[in-house]
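Worksheet for the structure shown next.
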Amino acid sequence: MHPPRPTTDLPEDFYIPMALDAPNITALSPFLVPQTHLGSPGLFRAMAAFMFLLIALGVPINTLTIFCTARFRKLRSHLNYILVNLALANLLVILVGSTTACYSFSQMYFALGPTACKIEGFAATLGGMVSLWSLAVVAFERFLVICKPLGNFTFRGSHAVLGCVATWVLGFVASAPPLFGWSRYIPEGLQCSCGPDWYTTDNKWHNESYVLFLFTFCFGVPLAIIVFSYGRLLITLRAVARQQEQSATTQKADREVTKMVVVMVLGFLVCWAPYTAFALWVVTHRGRSFEVGLASIPSVFSKSSTVYNPVIYVLMNKQFRSCMLKLLFCGRSPFGDDEDVSGSSQATQVSSVSSSHVAPA
């Protein structure tokens, strides 16, 4: 693989990070011709099929999350507002980002043009950032409710709404700059989906500073909030457990909480660590060659989160799962288990906290 082309000959709307045997790079524009010089047609078809799978799974799961919360009163707790917010952000990514990518991969180039690329890049980044910050808010809200660092503070609906609004404000702050000249939205990887420009340097777009901004503001800070909040939550629950008799119910609840926390943190890392690692590697290894197809993997991981985040935060919750089954099967669960978090798990304080707060319900 040849090193990337010099940054002195940059088109305004795209950049292909590899040397290409073409006298006029514009003739290979990802907005004009199939990008089969970057990968085989089979690879593009496979990516289109994967994006279609994300759409087919993500739309029903996230739509059901919203509909079930509206339909069942017991799901409309203040701590669940952020899950509806997460579902809305996921739907934005799916309906704009994944759908556009699916069509583009099927055509093997970004057939919708530069303006659509900017719209798709902005919308997908906005939805992704809102989703990312929603995971941090989920963790922090549970820290406030369970650990009670503010004493007798009561978590109200207004606080939940404020948390949701904050995610959209922070998401806009992170995703809007490329629309105004701080970095830019261009086709990435196989040139069939759009995102911030990680590839170029020493130019008018100042991409290096934008990448560092995203790394700090949209990965480091949320990750610190998540690790701190869930770490304190585990410490608090262990302290509660030590004050009680170590019954089988308490031990089971403790294991469930620990497992849920680990899954939540890993879900965040699986979603965003590849994107962050790739962007930082490109910024700090200018001139180093890399497989262009691999540059599509981080985007795939982030778009996949629209499916596995609802699985972690919604389907792993008994109350949400029970309500979804009732909705789908006309009011009765096919398994005959009217799961309710107010059952035997409330035999001890720690088990009650684990089921109704850590796994949001």
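Note that Cβ sites are derived from N, Cα and C of the backbone, with glycine treated the same way.
Looking only at the topological domain 'Extracellular' (1-43), the predicted model's pLDDT averages out at 72. Residues or ranges marked as topological domain 'Extracellular' in Swiss-Prot: 1-43 (among others).
Per Swiss-Prot, the feature N-linked glycosylation site maps to ASN24.
Swiss-Prot lists 44-68 (among others) with the feature transmembrane segment.
Taking Cβ pairs closer than 8 Å, the topological domain 'Cytoplasmic' (69-80) reaches residues 141-142, 145, 155-157, 159-160, 319-320, 323, 326-327, 357, 360-361 in its own chain, all 6 or more past its ends. Taken from Swiss-Prot, the feature topological domain 'Cytoplasmic' applies to 69-80 (among others).
Residues or ranges marked as transmembrane segment in Swiss-Prot: 81-106 (among others). With a cut-off of 8 Å between Cβ atoms, the residues of this chain six or more beyond the transmembrane segment (81-106) that come close are 44-45, 47-48, 51-52, 54-55, 58-59, 62-63, 65-66, 69, 112, 116, 119-120, 123-124, 126-128, 130-131, 134-135, 137-138, 141, 157, 160-161, 163-164, 167, 171, 190, 192-193, 299, 302-303, 305-306, 309-310, 313-314, 360.
Here Swiss-Prot flags 107-120 (among others) as topological domain 'Extracellular'. Residues 13-14, 30-36, 41, 44, 96-97, 100-101, 178-179, 185-187, 191-194 of the same chain sit 6 or more residues outside the topological domain 'Extracellular' (107-120) yet have a Cβ under 8 Å from a Cβ within it.
Per Swiss-Prot, disulfide bond is recorded for CYS117-CYS194. The secondary structure of CYS117 (disulfide bond), as reduced to three states from DSSP, is helical.
Positions annotated as transmembrane segment by Swiss-Prot, on the basis of sequence analysis: 121-140 (among others).
According to Swiss-Prot, the topological domain 'Cytoplasmic' annotation covers 141-159 (among others).
Annotation source Swiss-Prot lists transmembrane segment at 160-183 (among others), citing sequence analysis.
Secondary structure counts, DSSP: the topological domain 'Extracellular' (184-209) has 3 helix, 8 strand, 15 coil. Under the heading topological domain 'Extracellular', Swiss-Prot lists 184-209 (among others).
The transmembrane segment annotation in Swiss-Prot covers 210-237 (among others), and the record cites sequence analysis as its basis.
The topological domain 'Cytoplasmic' annotation in Swiss-Prot covers 238-259 (among others).
Annotated transmembrane segment per Swiss-Prot: 260-283 (among others), in sequence order, evidence recorded as sequence analysis.
Feature annotation from Swiss-Prot assigns topological domain 'Extracellular' to 284-291 (among others).
The feature transmembrane segment is assigned by Swiss-Prot to 292-316 (among others).
Within 10 Å of the Cβ of CYS194 (disulfide bond) there are 34 other Cβ atoms, across all protein chains. On a Cα basis, CYS117 (disulfide bond) lies 16 Å away from LYS303 (N6-(retinylidene)lysine). If you look at the transmembrane segment (260-283) against the transmembrane segment (121-140), you find at least three C-beta pairs under 8 angstroms, all six or more positions apart, and that counts as contact. Secondary structure at LYS303 (N6-(retinylidene)lysine), taken from DSSP and collapsed to helix, strand or coil, is helix. Away from its own ends, the transmembrane segment (44-68) comes close to residues 34-36, 75, 83-84, 86-88, 90-91, 94-95, 98-99, 101-103, 105-106, 108, 190, 192, 296, 300, 303-304, 306-307, 310-311, 314-315, 320, 323-324, 327-328 of its chain (Cβ-Cβ under 8 Å, at least six residues beyond either end). Long-range contacts of the transmembrane segment (210-237) within the same chain: residues 129, 132-133, 135-136, 139-140, 142-143, 146-147, 149, 173-174, 177-178, 182-183, 196, 198, 254, 257-258, 261, 264-265, 268-269, 272, 276, 279-280, 283, 350, 353-354, 358, each at least 6 residues beyond the stretch ends and with a Cβ under 8 Å from a Cβ of the stretch.
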